Amino acid sequence: MPALEITDLTRLYRRKGGEDFEALAGVDLTVPEGEVHGLLGPNGAGKTTLCKIISTVLLPTSGTVRVLGHDVVTDTHAVKLALGVVFGGEKGLYERLTARQNLDFWAGAYGLSRRRRRARVGELLERVGLDGRADERAGSFSRGMKQRLHLARGLVSDPGVLILDEPTVGMDPVAARDFRALVHELRDGGTTILLTTHDMAEAAALSDRVSLIDRGRLELTESPGTIGDLVSAYERVDARGVPDHVRDRIAALDGVVSVREDQGSLVRVETEQPDATLAVLRTLVDSGVRDVARSRPDLEEVYLHLVGRRGMGVDR
Amino acid sequence: MTALLRAFGLGFGFQARELAVSTNAYFSLVSAPFFTITLLSMVTYSGRGDLASYAVVAPTLMTLWLAALMYAGEMISEDREGGRLELLVASPVSFPALLFGRLCGAMLLALPAFGLSILAAGLVMDAWITIHHPVLFVLTALAVTVSTAATAAAFSALFVLAPSARIVQNTLPMPVFVLSGVMVPITLFPGWLEAVGRLLYLSWGADLMRDALAPEAVEHAALRLLMVLALGALGLLIGGATIVRFLRRARSEGTLSQV
């Protein structure tokens with residue numbers, strides 16, 4: 001039985017005086033038990049909508065979602081018992097209460113007895129490195145510490161499936177590294193994890209498979225290695241003071257996707273073959289252009305290549 | 001049933017804990033002794049010392065009701081703004097039972113108002129109130145407190161849904177205080193208005209508390225106590241249904257996290 005089984009899932013949002021907005025359009029996804037599944041996509045792509053439907057806080061317009069065999073609409077209680085949820089951002093804690101009191105409350109909400117709560121809360125605080133600050137008010141915590149407390153909260157019921165929606169936002173590098181170790185540990189323990197992130201490196205490092213979502217559609221589901229190969233094929237070269245005839249020569253090179261002028265005198269060249277970057281650099285240097293920089297595109301630029309150009313606008 | 005009781009207990013304990021660290025909340029108690037002094041001065045000036053119990057009971061119930069309205073209006077909204085409402089709905093706990101438990105816990109805030117009013121009457125006005133039927137008084141106080149929390153549950157989802165919740169919240173106290181006979185005996189009202197007042201648990205509770213202070217034997221005490229609880233239970237039923245409906249609508253429209 002798959003941990004997550006999503007079939008033809010659609011979610012529409014009503015807009016006052018306008019057309020309905022389609023946040024998810026016919027999404028199909030199956031995540032087997034024990035898999036860490038990365039969900040990548042730009043803002044407004046539908047990642048959070050998908051997480052909310054899985055976690056039962058949002059009803060689908062059509063289609064079905066099953067968590068460990070339980071339907072999120074008709075068997076909500078069983079789904080809630082099987083799931084741990086960590087939504088991104090700083091919010092979600094009772095700031096006047098201590099870290100320990102917060103976790104104790106959430107453990108109670110998941111039905112743990114008082115005795116089990118005490119043991120579980122202590123164990124989780126230690127696991128996320130907050131045992132030394134357990135009796136301090138959550139409101140006094142840094143963003144990264146709050147995020148760690150959120151993670152602990154998501155784990156109070158020892159869930160079979162864990163939804164992590166942008167879990168490392170605001171974490172410092174050390175905490176993010178510890179978080180990754182924790183995810184590996186959970187996977188080794190058999191927990192299924194759906195992880196949404198903007199960070200391709202994070203997705204690649206943590207996930208067994210990665211799905212790319214854009215405009216409410218799942219564009220592809222691949223192993224991180226395959227996505228990594230796709231990404232590494234794309235590079236860009238920025239240069240200043242490029243004469244027009246050199247630009248034309250570069251545009252004609254094999255593997256050059258685009259040559260465009262950005263911010264006045266800056267020329268940005270995008271390539272989709274590893275050899276093409278070398279050819280572009282050689283052409284620039286041979287033409288006497290010295291102000292040159294080579295870099296990898298960021299995630300959003302990769303989306304442009306993988307899912308087609310639609311500008312950087314966010315749909316909603 | 002066990003799950004509901006557990007959710008109630010969780011909510012009650014949580015709110016009591018939060019109350020312990022929310023020093024600002026206690027400012028709502030400040031008005032109770034001042035109300036007592038004002039009302040007691042009026043009945044004394046009018047030569048109606050026999051109405052002194054009104055001067056003690058009224059401020060207490062007013063504090064209770066004002067606290068209920070405050071928490072009913074803000075509990076769900078604060079959880080929503082704080083990003084906790086979705087997490088609560090995503091958890092298996094019964095949200096209406098948790099909310100009712102929290103509201104009952106919040107009502108603990110108003111209980112000291114009883115003592116403050118009695119002390120203010122005695123220390124400032126030298127009108128020491130004797131509780132002639134202490135057991136009945138305590139039972140009634142508890143029943144009124146639980147029924148107030150139950151009624152607040154009915155209002156809580158309504159306040160989240162209503163576009164002008166704040167106005168309703170600010171307008172509601174005075175009609176309720178008058179109609180429930182907290183300040184003026186409803187027996188003085190025209191018959192039809194008295195009948196309206198009798199639909200409110202608070203009118204039964206206020207009468208019974210005043211009777212518990214008086215030396216005379218209290219008639220039909222058990223039945224009247226039952227009325228307080230029954231009307232409170234009705235409020236709870238309406239509240240539970242309203243909350244479930246609100247959650248269903250918010251999940252359908254995707255507005256659980258919207259503020």
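From the backbone N, Cα and C atoms, a Cβ is placed for every residue, glycine too.
Just so it is clear, the model here is predicted, and its values are computed rather than measured.
What TrEMBL says about this one:
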- B:26-45: transmembrane segment (TRANSMEM)
- B:35-238: domain 'ABC-2 type transporter transmembrane' (DOMAIN)
- B:52-73: transmembrane segment (TRANSMEM)
- B:108-129: transmembrane segment (TRANSMEM)
- B:135-162: transmembrane segment (TRANSMEM)
- B:174-193: transmembrane segment (TRANSMEM)
- B:225-247: transmembrane segment (TRANSMEM)
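Here the transmembrane segment (B:26-45) sits apart from the transmembrane segment (B:225-247); fewer than 3 CB pairs are under 8 Å, leaving out pairs fewer than 6 apart in sequence. Just going by CB pairs under 8 A, the stretch in B:52-73, B:108-129, B:135-162, B:225-247 that sits most against the transmembrane segment (B:174-193) is B:52-73. Residues 15-16, 19, 25-26, 28-29, 32-37, 40-41, 44, 49, 52-53, 55-57, 59-60, 63-64, 67-68, 141, 145, 213 of the same chain lie 6 or more positions beyond the ends of the transmembrane segment (B:108-129) yet place their CB under 8 Å from a CB of it.
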